[in-house]
Every structure is written in C-alpha cells, then in structure tokens.
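Notes to accompany the following structure.
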Ligand code: APR
C-alpha cells in the first residue's frame with residue numbers, strides 16, 4: 001500500500017513545524033509548498049528534516065516546492081499560507097490580506113487534490129475556512145478549520161496549572177469562533193473524569209476562560225514577531241491523524257453547520273467526530289444559558305466575517 005501524502009501549503013513557522021512532527025510520527029510523505037519569492041526555503045526545510053531522519057527513526061519522504069502542482073494527489077492538505085499577526089493586530093485585521101491567498105490556494109487544491117481532507121489554519125480562521133470551502137467547492141465534511149483543538153488545549157493547560165495536576169488528565173472544550181468571543185464550556189471540562197465544577201469555582205474558571213480567549217495574543221506579544229506556531233502545528237497534526245487513521249476522534253474544530261445549534265451555512269467551532277470520511281458527525285452539547293448566549297454572540301462574529309468574504313469574493 002502506498003504511503004499517504006500530506007501537503008503543507010505555507011512552509012513558514014507552522015508549516016515547517018508540522019513537517020517535523022509528521023516525520024517524527026511517520027504519518028506519510030510530506031510536501032512543503034510556498035510562494036516563488038521564498039526561493040529555496042521550502043526545499044531547504046524539507047532537506048533539513050530529511051537529513052535528520054535516521055536519528056528520529058523516520059523513513060518518510062519530504063519534498064519542497066514553489067509549484068502548487070506538487071500537491072497532486074495529496075490525501076491531506078494543511079493550509080497556513082498567508083500572513084500571521086504582529087503585536088497590536090487582531091486576527092480580523094488579516095481578513096483582507098489572507099482572503100486572496102486562500103482563493104489562490106483553494107483553486108490549486110480543486111485542480112490538484114480534489115479528494116483531499118483540507119485543514120485550514122490561516123487566520124481569521126472561521127472566515128478563511130468558509131472561504132476555502134466556498135472557493136474550492138469541496139464537500140463541507142472534507143474542509144475544516146484548526147482552532148478548537150488548540151483553544152481547548154490551551155484551556156486544559158491553564159486548568160492543569162491551576163489545580164497542580166497532569167495536563168494529560170484534563171479534557172476541555174472550547175467552542176465558537178477563533179477570536180475574542182470563543183466560549184469555554186465549563187460543564188465539558190473534566191479532570192481525571194471529575195467535572196471541573198467540583199474542583200474550582202465558577203469565578204476561577206471564568207478567569208482561565210478569559211486567559212484562553214486571549215492566549216494567542218499573549219504569545220504574539222511575547223514573540224514580538226509573528227504568532228504561535230508549535231501548538232498550532234501539533235493541534236493540526238492531531239486532526240490529520242484522526243482522518244488518516246480513521247480514529248473517530250472527538251474534538252472541537254471549525255465545521256460547517258447545517259442546522260446544528262440553529263445555525264445554517266456558517267463555519268464555527270463545535271465538537272465533531274473525525275474519521276476516514278472527514279467530519280462524520282457534529283455533536284450538539286448542552287450549554288448553560290450564559291454559555292449559549294456567549295456562543296450565539298460568537299456565531300454573530302463568524303457571520304459578520306463570512307459576510308465580508310461573500311461581499312469581497
Ligand atoms: N501560497 C503558498 N504559501 C504562501 C502564500 C501562497 N499564496 N502566501 C503566503 N504564503 C506563505 C508565506 O510565504 C509564509 O512562508 O505562507 C507562509 C506563512 O508562514 P509564516 O509567515 O511563518 O506564518 P505562520 O506563523 O506559519 O502562520 C500562518 O496561520 O495561525 C495562522 O495567523 C496565522 O495566518 C497565519 C497562518
């Protein structure tokens with residue numbers, strides 16, 4: 001059986017990190033793509049990882065290219081093409097710049113890898129994944145956005161820190177748009193199976209939820225240049241693995257809603273089941289009245305950006 005092929009469109013900070021993680025996991029052959037202006041950069045990153053494979057017990061093949069045709073026949077395409085945030089910028093500030101980039105990439109996917117499972121990371125996430133599905137015409141179950149896995153992981157990290165427990169034992173769920181309006185669902189956070197509500201006050205949880213919503217910005221300010229890349233990379237690979245290994249994994253991601261949560265035709269962060277058929281199910285969770293109101297507000301923010309995309313494409 002031929003090895004799986006994973007195309008990474010955008011070979012920058014997140015793209016390069018994903019290539020390394022994919023090689024470490026032996027998940028499949030990797031092709032790194034970037035724009036011609038970057039010259040040998042994608043090839044250089046691929047070769048750098050190739051040369052270190054014997055010490056990470058990896059035998060996958062890695063290639064770099066500035067030609068989209070190199071993604072031909074990819075099983076999974078992960079898109080980070082575009083511009084990251086700088087200090088003082090919100091994710092929405094990238095809307096105009098990244099919309100055109102996604103259109104170009106969507107057309108290349110449609111032409112070269114129409115059967116691929118596509119994971120979009122480019123921000124503003126919910127609008128860019130909406131744009132990707134619209135422009136590529138791929139089925140909605142095969143196009144998702146990476147945000148909820150990362151936001152939930154960030155919340156899990158803060159909960160574990162606060163309680164002084166292993167982060168491996170914390171399960172968390174963050175829903176809604178990948179921006180200031182995201183919603184941490186307290187009832188869906190557990191620590192070794194114990195509901196977090198039995199271990200901390202609602203006020204303390206709200207504090208951690210607030211830090212989660214601003215966690216990307218916290219990193220942007222610390223880095224001074226660019227945005228988070230290690231945790232976005234590992235989060236996206238977690239999602240690709242669910243598809244490639246038909247794991248039926250449950251996680252939050254930007255998925256196209258078709259009546260779920262009373263929303264139609266919009267991408268927003270919700271828990272899904274992902275296996276060999278892409279998004280196999282969207283799960284509807286019970287929220288408190290307060291959480292539902294916050295989720296509805298977050299949906300409104302996604303809607304506003306999707307309308308912007310519609311008006312400009
Ligand atoms: N096709 C392919 N690659 C492109 C294109 C394009 N049309 N346009 C830009 N790129 C490349 C850039 O040349 C750059 O190498 O995308 C890469 C993006 O990498 P970085 O600038 O290092 O950004 P990164 O930190 O990886 O984040 C990428 O993900 O989390 C989001 O907000 C973040 O939108 C940003 C994206």
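Glycine is treated like the rest: Cβ placed from N, Cα and C.
What TrEMBL says about a protein is an automatic prediction, not a curated fact.
In the record from TrEMBL, residues 10, 11, 12, 13, 14, 15, 98, 121, 122, 123 bind NAD(+); the candidate from 34, 75, 151 listed for the same site is 34. Per-site Cβ counts within 10 Å over the recorded positions 85, 91, 154, 178 peak at 178.
Checking the recorded positions 12, 154, 178 against ligand 1 with a 6 Å cutoff on the Cβ atom leaves 12, in sequence order. Excluding 85, 91, 123, 154, which define the substrate site, the same chain contributes 124, 125, 178, 179, 216, 217, 220, 227, 228 within 8 Å (Cβ to the Cβ centroid), listed in sequence order. The highest number of surrounding Cβ atoms within 10 Å, among the binding-site residues 10, 12, is found at 10.
Within 10 Å (C-alpha to C-alpha) of residue 85 (substrate binding site) lies none of the binding-site residues 10, 14, 34, 121. Sorting the domain 'Lactate/malate dehydrogenase N-terminal' (5-145) by DSSP state (H, G, I as helix; E, B as strand; all else coil) yields 72 helix, 25 strand, 44 coil.
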